[in-house]
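Following this message is one structure expressed as structure tokens.
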Amino acid sequence: MAAHIWIIVAAVLFWNKGECQEAVLHVSNGALHKDYCLVYNSSWSNISDSLSDAVKYELVNLTYSMLCDEGTMKPGSLDGKAVAVMRGGCAFSRKAQVAQDLGAAVLLITSKEEMTTPSANHTEYGKVKIPLALMRYSDFLDAQKVFSDKMEVQLFAPPIPPFDVSIIVMLALAVFTIAMGGFWSGAVERAKQNAGPSLSGGEERADGGDVMLYSPLKVLLFVVLMCGMLVLMYFFYKWLVYVIIVIFCLASATALYSCLNALSNAVGCSKLNVSCGERSCSVRSLLLAAVCITLAVVWGVYRNEDRWIWILQDLLGVAFCLHFMKTITLSNYKICVFLLSLLLIYDVFFVFITPFLTPNGESIMVQVALGPGAGGEKLPVVMRVPRFSAWAQNLCMMQFSILGYGDIIVPGLLVAYCHRFDVWIGSNRIYFISCTIAYCVGLAVTFAVMLLSRMGQPALLYLVPFTLITSAAVALSRKEFRQFWAGTTYQVLDSSREPLIPDGEAAYPSSALKC
């Protein structure tokens, strides 16, 4: 299950398409004004695309009525006004025709149910001549509290630009995470060398709990297991999603503690040990643990509060990715190539091939990543950044650009290996820097293709070739590819602290465990 958290959303950057047909209801009363969400049918209603061009109407409150007939109202009694009525009782087109007969210029239907795009039979579209839109009944009650009964309204639907600043924020967040994770892994490797004799290899756990993957067979079984978990999530999402949420809370709290503890050590923060009898405890550790558990619990409780919880989710996500990249290490470039290639195939299959196998023609990866419904639970294993330019859409429901943790962790394992190799050969971080730049360029290309195609992209399709080819090219240019391919398991260096792998040849002590 932990592996499933790692890569379940390995390549999705997705946003809602333009067919959502959200608009803005601008309510004003003198200098006071406020905006609310509207949902309309663009083939039925013609709404201005800017506030400056939108006509201002006086709003009449008829929410006590469903307006399925004229009742006691006389034709022309709503002449040139916008009218708000309650949803239900009859079809949308019937309400619109009655409002037209009474002289209304705009019909707003308040809804206590989930808002959907208003529609009717094609024969009814031509009979409706006025704009018609749905708004939440709770929003209407809020407007009454703010403006009393004296309200003027304007309807407009601002266009969504193809490029959004959230893409730049996401790029910066991903590159920062992968660079810091690779740096941390290299720093831990250097600390191991400086600590004195030790042996690291296979899947043997070091004192810090790190695990090294070295067996191609186990890597293959690992990817097969992930495929099985993704399929299970597709068929049993509504139950398994809660298991993933609980595991994420536990794993992210642990990861955040590890990151904050390492940061505290780096800046020289005292542990403040307190003795109680024969036992002692660290006040700093207790405080950090309390903070991390509190943040994980807050996320778990408020995980569906989209307006602000994305900040906490991204914080926990960065910590999770950093801890994973530091804890799981790949022994050599051969294992890196094998793992990343398998995950690339996994990614492409579940994004591009599975739409031909599913009843609704949607990919398994996208459906699992986005959840079965707009109001349902969603997997927490993604970075989320709001689409800042989707103004009207954000009024109705926050729109996000999302990037799976796998798009950071999978290439990040290679970046981490590159930094450890720099440490082994005593270089000036040439492999680490080159691979990090390659990741940045690959992710930028992913975003560019996404914008041009207007489709979510499997990011590993671009990230894997960019990072693998770049790191191999650096090794070839420096004539170190044989060492880079084979990697090393090491015994501690002697007191001179010479590079572990001398230039031009691999140094494998006879007592070392070979990869």
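Note that Cβ sites are derived from N, Cα and C of the backbone, with glycine treated the same way.
The signal peptide feature in TrEMBL is assigned to 1-20. The feature domain 'PA' is assigned by TrEMBL to 55-139. Annotated transmembrane segment per TrEMBL: 165-184, 219-237, 243-263, 283-302, 308-325, 337-357, 397-418, 430-453, 459-476, in sequence order.
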Rank 219-237, 243-263, 308-325, 337-357, 430-453 by Cβ pairs under 8 Å to the transmembrane segment (165-184) and hand me the top one.
430-453
Most CB pairs under 8 Å with the transmembrane segment (430-453): which of 308-325, 337-357, 397-418, 459-476?
459-476
Averaged over the domain 'PA' (55-139), what pLDDT does the predicted model reach?
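Reported value for the domain 'PA' (55-139) is a mean pLDDT of 86.
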Are there 3 or more C-beta pairs under 8 Å linking the transmembrane segment (337-357) with the transmembrane segment (308-325), counting only pairs at least 6 apart in sequence?
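These two segments do not touch.
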Residues sitting near the transmembrane segment (243-263): Cβ under 8 Å, six or more positions beyond its termini, same chain?
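For the transmembrane segment (243-263), the far contacts come to 1-2, 4-5, 8, 184, 233, 285, 288-289, 291-293, 295-297, 299-300, 303, 315-317, 319-320, 322-324, 326, 377, 379-381.
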Among 283-302, 337-357, 459-476, point out the range having the most Cβ pairs under 8 angstroms from the transmembrane segment (219-237).
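Maximum Cβ contact count belongs to 337-357.
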Using a Cβ cut-off of under 8 Å, list the residues of the same chain at least 6 residues beyond the transmembrane segment (337-357) that approach it.
7, 10-12, 213, 216, 219-220, 223, 226-227, 230, 330, 363-366, 406, 410-411, 413-414, 456, 458-461, 464, 467-468
By a Cβ-Cβ criterion of under 8 Å, what residues six or more beyond either terminus of the transmembrane segment (283-302) are in contact with it?
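Apart from its flanks, the transmembrane segment (283-302) reaches 245-246, 249-250, 252-254, 256-257, 260-261, 264, 269-274, 309, 312-313, 315-316, 380.
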